[in-house]
Amino acid sequence: MTRSKSLFLAHLAEMAELFDDMKQHMLAVTQESFSLSEKERNMLVVAYKNALHSRRHALQMIPREGTMPGYNREYRTQIEQELRSIIDEMLSLLDGLIPHAGGAEGIIFYQKTQGDYYRFKCELEEGEAKQRAADMAFQIYSQAEVLAEREMPVTNPMRLAIALNFSNFIGDTNVQAARRKARRSYSAALAKLDDLREDEYRDTTLVLQLLRDIAQPPLWGDTENE
């Protein structure tokens, strides 16, 4: 199958909300070449994100126990295996994509995605596997944050999205650190809103609203003064 046909079928699958199909078509695109355009990068992330989140939602809906608990556990195990497969496939893809990112913006995009998928892996695993995934998420979010702060203005929606996801990640274990990180990015961007490009306004203000929810108490029921 040619690259152009794979892209076209991926677009059709997205329109039909058949995200498992879209994922397979975008996987075929990357197998043709690791050099993706911005649009292709976004399509890849949309495909995997929706395939992933449909299964994360399924785990939330299916109780661990029920009238036939053995069947509940069996079905949940199947979904968890599918989740691991999607996460590991994306992480493997990202290892190949980053060297062909074509500049800082592409690297930052892929690193943010890596951090997100290690975070998903952390949520799924237990014990040492969970800790390894958490350590990788922290390391990669940190790398993405440093590069974004060097290469992007404070109002850039990608830079803000990294701050948002990183804050949410560390908020699971350190609420005050999450708040400080979110507040720093929120305040810096707010002071430069007049410099915002028109094509970034919608995305930037949307992420700012989410950062504000973390930056300002109460956060996850925490009202302790800093």
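Using the three backbone atoms N, Cα and C, a Cβ is placed for every residue, glycine included.
For reference, TrEMBL has these:
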| type | residues | note |
| --- | --- | --- |
| DOMAIN | 3-226 | domain '14-3-3' |
| SITE | R56 | site 'Interaction with phosphoserine on interacting protein' |
| SITE | R119 | site 'Interaction with phosphoserine on interacting protein' |
Distance, R56 (site 'Interaction with phosphoserine on interacting protein') to R119 (site 'Interaction with phosphoserine on interacting protein') (CA atoms, angstrom):
13
Between R56, R119, which of the recorded sites has its C-beta surrounded by the fewest other C-beta atoms within 10 Å?
R56
